[in-house]
Amino acid sequence: MQTASAVSGSGGSSGVPASLRGILPVLVALPVLLVLEWLLSNSPFASYLLSIMAVNIILAVSLNIVNGMTGQFSIGHAGFMAVGAYLAGVTSLALKDVALSFLPVAVSDQVFLVVALLAGGISAALAGFLVGLPSLRLRGDYLAIVTLGFGEIIRVVVTNTEAFGRALGLSGIPQTSTVAMVGFWVFLVVLVSRRIAGSSHGRSLWAIREDEVAAEAMGVNTTGYKVRAFVISSFFAGIAGGLFAHFVPIINPGSFTFVKSMEIVVMVVLGGLGSTTGAIVAAVFLTLLPEALRSAFAAFGSESTLAQQVDQIRMPVYGLLLVVLMLSRPQGLFGTKELWEVIPRWIPRRRKGM
Amino acid sequence: MSEAQVKVLGARQEFAPLLAVDGVKVSYGAIQALKGVTLKVGKGEVVALIGANGAGKTSTLRAVSGMLKPVGGRISFAGEDTTGAKAHTLVPRGMAHAPEGRGIFPNLTVLENLELGAYLRSDADGIAADMEKSYALFPKLKERRKQFAGTLSGGEQQMLAIARALLSRPKLLLLDEPSLGLAPQVTETIFRNLKDVNAAGVSILLVEQNAHLALNFAHYGYVLETGEVVMAGPGKALLESPEIRKAYLGE
Ligand SMILES: Nc1ncnc2c1ncn2[C@@H]1O[C@H](COP(=O)(O)OP(=O)(O)OP(=O)(O)O)[C@@H](O)[C@H]1O
Ligand SMILES: [Mg+2]
C-alpha cells in the first residue's frame, strides 16, 4: 500500500493533495447529487432511482467497514437495515401530526425525518452491539452464522408484530426523504469510512484483517475494535433503512430478506474488499444494472411482464458476475485501493502506449 | 502443589523480580494444557522454557502475554497482578510477544510491520530512533523495508518478528521458537542479536525445541512436561544433567 501511494505520488499531474484525498469522493458526489435533485425535481422516477442508489451506497460502504476493512464476514446487513427502516418508520408515523410551526413545512419535515433516522440508526447500532459483542469475541465464522440468524429473526419478529404491520407491511410513512437528504448521508458514511481508514482505528482494523493473533500480540484491542466497527456499520445500515422507509410507499419484510443482504455483500466484494470507492462504484453499477436490463427489454418491445422478469434474473446475473470476477480479478475491482490510487496508474500506462 | 516434584539443579543467579507465574492452569475445553506452572523471570534475565511437543510451552507464553485467560493460579508482572489481563493492556506495561510461527503480516511491507510494532506508542521521534536501532541490529531489514513481509525468507521473517516485538519497547520479550525452520547459521545470527537485545536490558523468556541452543543462551531454564514444570536450574547445569541429555539432546 505504501508502494501504491508512492507510485501515484510520482504520477505528477494526477496527484491529489493528501489532505483532500479522504474527502475527494464526497466533494465530487455531493454537488452532483444536488444538481441532480434540481434537474430531476419533476422526474419522480429518477429521484427514486437516485435514492435507491444512495441507499445502496450507504449499505455497501458501511458493510465494507466490517467485511472489507476488518476482514470479518457479516451476511445480515439487511437485518440492520430492517431495524432502521421499521424504527424510523414507526417514529415518523407517531410524529406525523406534529409540526414545528415556527419553521416552513419543508424544513420541519426534514427535522422530523432526521429525528426518525437517528431513532432507526441508533436502534440498529444497539442491535449491532448486542449481536456483535458475543460473536466478535470469538475468532472465525461465528459472525457469519450469527448475522445470518439475526436477519431471519428480525424478519420473523416483524412479520408477527402488529405495530410493524405484520407481513402486509407498514404504509403511510410520510414520504419526506429527498435526494439531498440521502446525499447528505452518503457524504457522512463516506467521510466516516475514510476517516476510519486513515486513523489509528483503521490501522488496528487493518492489522486484525491481516492476522488477528499477531494484532492481539501487538497490543491491538481486537474485540473492542471489531465491535466498534460493527456498531458503526450497523448504525449506517439503520440510517439506510430509515431513508428507504421514507421514499417507498410501503415497507414489508420482503424488502429485507437474505437476498438483499447478499446483494450488499456482492457490492462489497465486487468493489474490492476494503475499498470505499470500490463499494460506491459497485453499488452504483448494481443499482443501475437491473434498470438497464429493464430498459433493454422494453426497447426490444417486450411486454412489461417480461421486464418484470428482470427482477428474477437479477440474482443469477449477480452470481455469474461474481464467478467471472473471482476468476479474473479475485481482489475485486480496486482491491484494497481507492479510486484515486488506481486511476493514476492506468493513465501513464496508456500514455506510454501512444 | 506440583512444586514438590520439581527437581532443581544448582543455585540461581540473583535478579530483581519482573515476572512471576504461580501455579497457572490453562484449559482448552476439556483438555487441561497447563496443570499448575510456576516460574520466574528476573530483570535482565534470560529464561528458557524447553519441553516436548504439546508440553504446554506456547500455552504458557500465551497465558503470560494475556492472549489466554488462565483458569487458575496467579501471574504478576512488573510489580502488578496481571492474572487474566488482556494483551492490549499488557503491551503498554512492557510485555512483547513474538508468537509461534512468526505471526508477521505477510501482505504489509517490512516497514509497515515495524510501524505496527510501535502501534501503542505516539512518540514519533522515539519510534524513529528505535526503528534505526532495529535496522542496526538487523541490516537485512533495512534493505528490505519496502518489500512485502510475506516474500522475506524464513530467517528474515523471524528477524522482523523480533524487531517488531522490540518496537513496543518491552521490558520482557516472549519468544516462541525463534529457531523454527531456520538454518544453523541464521539461527546463530539471531541468537547473537538476541544477546545484544538482552545486554541492552530486555529480559527474555524463550521457548525452544532446540534445547542445546536455548540452555546455552539462557541464565536459567525450566523443563516442561505435559503441563507441569518437572525440572529447573541454571542453563549450564541443565545441559550437564544426564536426564536432559537423554531426553532432549538425544544422547
Ligand atoms: N486452541 C487449542 N485448542 C485445543 N487444544 C489446544 C489448543 N492449543 C493447544 N492445545 C493443546 O494444549 C496442549 C499444549 O499445547 P501447546 O501449544 O502449549 O504446546 P507446545 O509445548 O507449545 O508444543 P509445540 O512444541 O509443538 O509448539 C497440547 O496438547 C495441544 O494439543
Ligand atoms: Mg508451541
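For all residues, glycine too, the Cβ spot is worked out from N, Cα and C.
Database features, via TrEMBL:
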type: TRANSMEM; residues: A:20-39; note: transmembrane segment
type: TRANSMEM; residues: A:45-66; note: transmembrane segment
type: TRANSMEM; residues: A:78-99; note: transmembrane segment
type: TRANSMEM; residues: A:111-133; note: transmembrane segment
type: TRANSMEM; residues: A:140-158; note: transmembrane segment
type: TRANSMEM; residues: A:178-197; note: transmembrane segment
type: TRANSMEM; residues: A:229-252; note: transmembrane segment
type: TRANSMEM; residues: A:264-289; note: transmembrane segment
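Highest Cβ contact count with the transmembrane segment (A:45-66) among the listed stretches A:78-99, A:111-133, A:140-158, A:178-197, A:229-252 falls to A:229-252 (criterion: pairs under 8 Å). Between the transmembrane segment (A:111-133) and the stretches A:78-99, A:140-158, A:178-197, A:229-252, A:264-289, it is A:229-252 that has the most C-beta pairs under 8 angstroms.
Stretch with the most C-beta contacts under 8 angstroms to the transmembrane segment (A:78-99), considering only A:178-197, A:229-252, A:264-289: A:229-252. The transmembrane segment (A:178-197) makes no contact with the transmembrane segment (A:140-158): fewer than 3 of their CB pairs lie within 8 A, with pairs spaced 6 or more apart in sequence.
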